[in-house]
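Annotated features in Swiss-Prot:
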SIGNAL    1-29  signal peptide
DISULFID  Cys95-Cys122  disulfide bond
CARBOHYD  Asn117  N-linked glycosylation site
ACT_SITE  Ser261  active site, acyl-ester intermediate
DISULFID  Cys315-Cys330  disulfide bond
CARBOHYD  Asn316  N-linked glycosylation site
ACT_SITE  Glu390  active site, charge relay system
DISULFID  Cys466-Cys588  disulfide bond
ACT_SITE  His504  active site, charge relay system
CARBOHYD  Asn517  N-linked glycosylation site
LIPID     Asn647  GPI-anchor amidated asparagine
Amino acid sequence: MFVNQRTRRPYMSVFVLVLGAAVICPAYGIIDRLVVQTSSGPIRGRSTMVQGREVHVFNGVPFAKPPVDSLRFKKPVPAEPWHGVLDATRLPPSCIQERYEYFPGFAGEEMWNPNTNVSEDCLYLNIWVPTKTRLRHGRGLNFGSNDYFQDDDDFQRQHQSKGGLAMLVWIYGGGFMSGTSTLDIYNAEILAAVGNVIVASMQYRVGAFGFLYLAPYINGYEEDAPGNMGMWDQALAIRWLKENAKAFGGDPDLITLFGESAGGSSVSLHLLSPVTRGLSKRGILQSGTLNAPWSHMTAEKALQIAEGLIDDCNCNLTMLKESPSTVMQCMRNVDAKTISVQQWNSYSGILGFPSAPTIDGVFMTADPMTMLREANLEGIDILVGSNRDEGTYFLLYDFIDYFEKDAATSLPRDKFLEIMNTIFNKASEPEREAIIFQYTGWESGNDGYQNQHQVGRAVGDHFFICPTNEFALGLTERGASVHYYYFTHRTSTSLWGEWMGVLHGDEVEYIFGQPMNASLQYRQRERDLSRRMVLSVSEFARTGNPALEGEHWPLYTRENPIFFIFNAEGEDDLRGEKYGRGPMATSCAFWNDFLPRLRAWSVPSKSPCNLLEQMSIASVSSTMPIVVMVVLVLIPLCAWWWAIKKNKTPPHPQVILETRAFMH
């Protein structure tokens, strides 16, 4: 026996090398269909039958050297080529991270925790390749039955380019602090089989291991802790997949990046970054875009967090300026578990994760909207989307003393105000008052359950839906073709309380085809919805348009911000329509248009009443929600400002609340 030092996997020496040559060399008269010759070396996967179709699966394919010892906190280094056939039949380790254990034994939480051992040696790929078994075209599918296949070549001819199959590359979420491609929910066998696409996923470093930023202290960007190492991991994985697409029967020009939450944000950065721009011309952004408040950070903030971690790890922060190499050697000697735990000391409240893509001037050259405004996205296709109740999951975790997982909570008005002020504590007082105005349930009086619902709405709108809308519109204005979906289906098998609605991440299982797994207890309509979403995503990967045969799915534009509704019942609370505008048009007009104008009034000498003059007639007429906000928010603020100007005691914020209530 010998051990491959790169993979640490044992092999029989001479016998396996000879057999490895035989299975891939026609001269021996033996062809092993499960062996693929990659640029790094040959790999052997496994075969599985899925939905009546054979899929070849390759797990644990290394694309980088293990980022351990001297490579900790550095950009990834490509994997050394190996000799002999690498065993690619086992799931790889997950990158170092902490588990969520707020609800021990609860499957709804456990499904997102790593299901393989965590390790710093974690930079591996997973790849699913459908064989040429023929899948019926979506146009002919009999929804409501399990007869998905037909014995002809139509589907294969229509859904494979001359260069090969389209490839979907998955990037997992987890707030850049957690996540792993090995989760059961990310098993892409069904997506590959039903969609007739190659699917790949990668591991990338999260937390401080992937985002520690000390560039100002280090001479030369290639040195320790340049920041964004996790993004460089993703970039190297994408390049490896593009280089090896043909080896798996794929088309290197038909690579679509798709991801959820932090994964969606990552996709949006790859489309804009000078490092990765051009590697893919299509992206799917699920509940995450780069401009979201949690999705990026300034170099100054990242540096402050890094300094705090060094101090918490007892690595003599005072020496960082004069001897950064000494400090970094200390950090490399710190136990990985210690770093993994101590980094959470910098968590700053709801969605205030201490790691995120950093504006380093190299991978991320400017703030997200500036990068977007400077981009030329002609020829880029985007599918973007949100879920109806994005905020409830995070609300529960950050305010676990207020809410229960299983049952709705009647939240008194004083607790509503307390939570809202805590969530938006970095906003100015006028901004916080405006936010409270916007999310007070005026129609329902002092309804505690409505208060809980409105706090969840505020979190979802601010951190997810409205940044997504803003980014989607920015993409269209830079030349991209954008389609928008809105996922509104509450899954019948959901383990979370009814009050939590359609949670952040609920669409993932449908896109990966999990409801089509007969062993799981989904309803037939949910299986149909999943199949429909799988086909839309696959069609988008091939053509850039998610619409199926005979279906109209309009482009998303500022003039017509139309989204397509994904719901198993074929209808939604939006009057049973398949389409809507927005989503959350009024709330997002507040966050994306009104609040920035209010924020511009940053000093007492500047009247908020001037905001009326700043708003063009065209702007106000095209967004009626702004008019409502002017009446319900700006007029009371004007009164407050005039009171200050006349040296009178300004009205208490509660008086302003009562003013709006009266006006309403």
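Glycine too: its Cβ is placed from the backbone N, Cα and C atoms.
Just so it is clear, the model here is predicted, and its values are computed rather than measured.
Overlay of Swiss-Prot annotations on the structure.
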| residue | record | contacts (Cβ under 8 Å, 6+ apart) |
| --- | --- | --- |
| Cys95 | disulfide bond | Val118, Ser119, Glu120, Cys122, Thr180, Gln203, Tyr204, Arg205, Val206, Phe209, Gly210 |
| Asn117 | N-linked glycosylation site | Pro93, Ser94 |
| Ser261 | active site, acyl-ester intermediate | Gly173, Gly174, Gly175, Gln286, Ser287, Gly288, His504, Gly505 |
| Asn316 | N-linked glycosylation site | Ile310, Thr326, Val327, Cys330 |
| Glu390 | active site, charge relay system | Ser287, Val459, Gly460, Asp461, Phe463, Phe464, Ile465, Leu503, His504 |
| Cys466 | disulfide bond | Met584, Ser587, Cys588, Trp591, Asn592 |
| Asn517 | N-linked glycosylation site | Ile190 |
When each of the disulfide-bonded residues Cys122, Cys315, Cys330 is scored by other CB atoms within 10 A, the minimum falls on Cys330
Three-state secondary structure, which DSSP defines for Cys95 (disulfide bond):
strand
Through the lens of DSSP with three states only, how would you label Glu390 (active site, charge relay system)?
coil
Assigned element (helix, strand, coil) containing Cys122 (disulfide bond), judged by DSSP:
coil
If you draw a 10 Å sphere on the Cβ of His504 (active site, charge relay system), how many other Cβ atoms land inside?
25
In three-state terms from DSSP, label Cys330 (disulfide bond) for me.
helix
By the DSSP assignment reduced to helix, strand and coil, which category contains Cys466 (disulfide bond)?
helix
